[in-house]
Amino acid sequence: MELLSALSLGELALSFSRVPLFPVFDLSYFIVSILYLKYEPGAVELSRRHPIASWLCAMLHCFGSYILADLLLGEPLIDYFSNNSSILLASAVWYLIFFCPLDLFYKCVCFLPVKLIFVAMKEVVRVRKIAVGIHHAHHHYHHGWFVMIATGWVKGSGVALMSNFEQLLRGVWKPETNEILHMSFPTKASLYGAILFTLQQTRWLPVSKASLIFIFTLFMVSCKVFLTATHSHSSPFDALEGYICPVLFGSACGGDHHHDNHGGSHSGGGPGAQHSAMPAKSKEELSEGSRKKKAKKAD
């Protein structure tokens with residue numbers, strides 16, 4: 001806090017946290033979310049053959065985080081769909097991206113400099129949703145740390161966590177694309193951000209919520225814009241996780257290698273012992289047979 005005061009960021013952070021998200025930031029969030037839907041294989045054909053299914057998929061991309069959060073907190077799953085302004089705005093974006101003549105709207109928002117602006121604004125919405133989700137969960141469960149973390153996490157990356165269900169709506173089933181097994185950068189960042197905001201909400205992190213929102217938004221915007229501009233699918237956390245995870249959880253291939261060697265030693269010893277025992281046994285039988293023959297000749 002003293003550092004933020006020295007840098008005169010306290011007032012800026014407070015003003016930034018009070019900026020309304022609707023309609024400009026929400027519009028950017030809807031545009032980027034539905035763009036990613038159109039990138040999915042078969043999404044364009046689905047919009048032509050089954051427009052209702054395509055619209056439902058678009059609404060999941062835009063509001064899936066709210067649905068999951070309501071599910072966790074035991075609230076009506078369709079509660080957010082009572083927000084007519086957001087639903088109409090998201091529906092208009094879906095129609096323009098999929099059905100605009102000559103794909104003019106799609107080409108404009110896909111132009112990289114324009115797209116980077118929308119991506120940056122989407123991360124502003126993501127961080128704010130994490131903070132609001134944790135505050136909402138804290139209202140119901142004052143000491144439920146894991147509930148707050150889970151709610152903030154799904155608020156920030158709900159659509160990714162619902163990817164398998166969204167695929168079913170498109171008639172696709174890819175269980176290997178489970179987001180929990182293969183977390184993308186936004187999903188990991190949402191989880192880490194949910195932990196930070198939970199610590200701040202429970203007063204274990206000595207920083208104001210406005211300052212944390214401002215700092216974490218800068219981090220998310222910088223990383224996501226860089227990854228989008230370079231067309232990279234890597235994560236800034238990979239290097240850190242590469243050092244920490246083997247220490248805390250062991251190497252992923254170490255245990256398998258040990259078991260393979262262990263099994264190999266048994267399998268190598270078993271057949272080898274059998275092969276070595278078999279010739280020894282046959283030699284004894286041969287020698288015994290030769291002795292019997294000699295005894296018969298002697299008789």
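Every residue gets a Cβ built from N, Cα and C, even glycine.
Here the structure is a predicted model, which means the values were calculated and not measured.
Listed features, source Swiss-Prot:
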- 1-18: topological domain 'Lumenal' (TOPO_DOM)
- 19-39: transmembrane segment (TRANSMEM)
- 40-51: topological domain 'Cytoplasmic' (TOPO_DOM)
- 52-72: transmembrane segment (TRANSMEM)
- 73-85: topological domain 'Lumenal' (TOPO_DOM)
- Gly74: Ca(2+) binding site (BINDING)
- 86-106: transmembrane segment (TRANSMEM)
- 107-144: topological domain 'Cytoplasmic' (TOPO_DOM)
- 145-165: transmembrane segment (TRANSMEM)
- 166-178: topological domain 'Lumenal' (TOPO_DOM)
- 179-199: transmembrane segment (TRANSMEM)
- 200-209: topological domain 'Cytoplasmic' (TOPO_DOM)
- 210-230: transmembrane segment (TRANSMEM)
- 231-234: topological domain 'Lumenal' (TOPO_DOM)
- 235-255: transmembrane segment (TRANSMEM)
- 256-299: topological domain 'Cytoplasmic' (TOPO_DOM)
- 260-299: region 'Disordered' (REGION)
- 281-290: compositional bias 'Basic and acidic residues' (COMPBIAS)
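Summarising model confidence by region, the topological domain 'Cytoplasmic' (40-51) averages a pLDDT of 94. DSSP states for the topological domain 'Cytoplasmic' (200-209), grouped as helix (H, G, I), strand (E, B) and coil, give 3 helix, 0 strand, 7 coil.
Across the candidate stretches 52-72, 86-106, 210-230, the maximum count of CB pairs under 8 A to the transmembrane segment (19-39) is reached by 86-106. Residues 57, 98-99, 170-172 of the same chain lie 6 or more positions beyond the ends of the topological domain 'Cytoplasmic' (40-51) yet place their CB under 8 Å from a CB of it. The transmembrane segment (86-106) shares more Cβ pairs under 8 Å with 52-72 than with any other stretch in the list 52-72, 145-165, 210-230, 235-255.
Counting C-beta pairs under 8 angstroms (sequence separation of 6 or more), the transmembrane segment (179-199) fails to reach the transmembrane segment (52-72), with fewer than 3 such pairs. Sorting the topological domain 'Lumenal' (73-85) by DSSP state (H, G, I as helix; E, B as strand; all else coil) yields 7 helix, 0 strand, 6 coil. For the topological domain 'Lumenal' (73-85), the residues of the chain that approach it from at least six positions outside its boundaries are 22-23, 59, 63, 66-67, 136-137, 140, 151, judged by C-beta separation under 8 angstroms. Across the topological domain 'Cytoplasmic' (40-51), DSSP helix (H, G, I), strand (E, B) and coil residues number 8 helix, 0 strand, 4 coil.
Residues 17, 21, 24-26, 28-29, 31-33, 35, 65, 69, 72-73, 97, 150-156, 186, 190, 193-194, 197-198, 201-202, 209, 212-213, 216-217, 220-221, 224-225, 228-229 of the same chain lie 6 or more positions beyond the ends of the topological domain 'Cytoplasmic' (107-144) yet place their CB under 8 Å from a CB of it. Non-local neighbours of the topological domain 'Lumenal' (166-178) in the same chain are 40, 42-43, 46, 53, 56-57, 60-61, 64, 159; each lies 6+ residues outside the stretch with a CB under 8 Å from one of its CB atoms.
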